[in-house]
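Pulled from TrEMBL, these are the features on record:
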type	residues	note
TRANSMEM	76-97	transmembrane segment
TRANSMEM	138-160	transmembrane segment
TRANSMEM	186-203	transmembrane segment
TRANSMEM	215-235	transmembrane segment
TRANSMEM	300-320	transmembrane segment
TRANSMEM	340-358	transmembrane segment
TRANSMEM	370-389	transmembrane segment
TRANSMEM	465-483	transmembrane segment
Amino acid sequence: MALLSGDDIMQSHVIATSTHHGHYQECKMETQMEAMTMYQSFSASRRRNRSSTNGLGTNEKGQLGQWGRAWEVDSFSLVSILLLLCFAPFLVFYFVMTCDQYQCSLMDPLMEVYTGKTTPLDIWNQAASFSWTAAKIYAIWVSFQVVLYMCLPDLCHYFLPGYVGGAQEGARTPAGIINKYEVNGLQSWLITHVIWFANAYYFKWFSPTIIFDHWIPLLWCTNILGYAVSVFAFVKGYLFPTNAKDCKFTGNIFYDFMMGIEFNPRIGKWFDFKLFFNGRPGIIAWTLINLSYAAKQQELYGYVTNSMILVNVLQGIYVVDFFWNEAWYLKTIDICHDHFGWYLGWGDCVWLPFLYTLQGLYLVYNPVQLSTANAIGVLLLGLAGYYIFRMTNHQKDLFRRTDGNCKIWGRKPAYIECSYSSGDGAKHKSKLMISGFWGVARHFNYTGDLMGSLSYCLTCGFNHLLPYFYIIYMTVLLVHRCIRDEHRCSSKYGKDWKRYTDAVPCRLIPGIF
């Protein structure tokens with residue numbers, strides 16, 4: 001989930017990043033063997049050195065700092081966390097409200113308040129309030145996704161070549177536990193959308209515009225669930241954790257509430273909070289939300305613009321790709337290293353479905369019909385970004401799985417062999433590829449991601465800033481992560497990292513940055 005967290009701001013994670021946006025790890029924890037070495041080192045250290053917080057000593061914290069969130073919180077981090085907790089919900093409300101009341105203009109409400117034409121209270125009172133109808137819709141939606149997640153084992157992997165689903169193992173946790181997951185997200189997505197289209201064209205149980213028609217009341221419902229699950233996870237971490245050895249406590253309730261205490265909170269054997277909330281209510285809804293926007297555009301204007309079709313197609317490709325690679329997702333930072341707190345719980349319920357779909361919302365209020373040339377250009381930009389994103393990560397995955405014994409762009413890949421020391425002082429070696437897309441720029445997967453993000457925004461034209469929040473946010477997030485990750489890689493690899501950056505001098509854009 002790509003919400004800039006307190007740990008992002010203070011650079012306290014040592015492991016680079018993946019998000020709900022599917023970003024891959026860059027240079028840390030290259031193999032499961034390295035993870036096991038670190039865990040074994042932690043276990044030995046724990047027997048030698050015990051201290052205060054969570055029963056861990058300074059040496060242990062230094063080693064386990066590579067896992068998940070921080071052990072200690074500085075004042076800057078605390079202020080950042082408090083600001084996010086206080087203002088992130090209002091930011092989401094403000095963006096949605098501007099479309100509902102001001103045709104998606106971000107400046108008009110501010111100017112009206114400044115000039116005295118209205119007051120914040122007037123704006124608040126004009127917004128739709130919580131409704132029990134919206135609550136019933138959302139309760140049915142979440143319950144339906146729970147049923148699909150828990151009660152229907154995956155069948156797609158039996159007949160879709162190349163798809164990996166069904167019961168899968170995750171990465172080893174810091175306590176040495178390997179959790180099992182039922183990977184059936186693609187199946188859930190397919191069933192949900194078959195029912196959606198069957199209803200729209202045949203059964204007529206509900207209007208295809210149902211999501212848009214209750215959008216602001218649904219915002220209150222998603223906030224209720226986001227805060228409820230975050231509070232539950234917080235209390236559960238203290239009173240009845242799934243595995244106490246995988247919990248982290250800083251002693252600061254605000255930080256622990258936001259970044260989470262439990263590593264893998266579960267109910268029963270299969271209901272995993274992180275996998276469910278990261279992927280199901282928000283990302284499956286993403287494409288349904290866009291379809292509801294398209295239906296509303298058809299209802300209001302009698303047609304669907306090519307820009308709305310582009311948003312549905314380009315973002316739909318991303319969502320399907322996410323579920324196609326859900327088994328891989330089990331090895332990313334969201335599952336392997338993030339603890340479950342407000343950052344994931346509220347972010348997945350509210351931030352993702354409301355802010356990642358701003359382009360479609362904007363196009364309902366401001367329909368844009370692109371010229372044929374512009375539409376083709378936007379489509380090609382989005383497809384090119386997706387291709388770069390997917391192939392860049394495929395090349396790294398192939399290189400790691402074969403230990404470099406493969407072909408990238410028709411030839412054996414070149415790499416720089418690096419050495420580093422783990423927490424127990426043991427020496428290890430790692431390979432950093434400098435071929436294929438990884439020879440073009442050091443984070444070229446991020447470049448492809450940003451190209452796709454920009455294509456979503458360009459569908460909306462240039463009359464308002466609101467649809468461009470997404471590319472601005474993603475640029476800040478990913479550039480920050482580039483710099484943060486490279487600082488850590490430099491500390492880890494030393495002079496070998498300098499050799500690597502000399503071989504691949506650019507971070508994101510060849511010849512520029």
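Note that Cβ sites are derived from N, Cα and C of the backbone, with glycine treated the same way.
Predicted automatically and left uncurated, TrEMBL annotations should be read as such.
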Top Cβ-contact partner of the transmembrane segment (340-358) among 76-97, 186-203, 215-235, 300-320 (pairs under 8 Å): 215-235
Tally Cβ pairs under 8 Å between the transmembrane segment (138-160) and each listed stretch (186-203, 215-235, 300-320, 370-389), then give the stretch with the top tally. 186-203
Can you say which of 215-235, 300-320, 370-389 has the most Cβ pairs under 8 Å with the transmembrane segment (186-203)? 300-320
Interface present between the transmembrane segment (215-235) and the transmembrane segment (300-320) (three or more C-beta pairs under 8 A): no
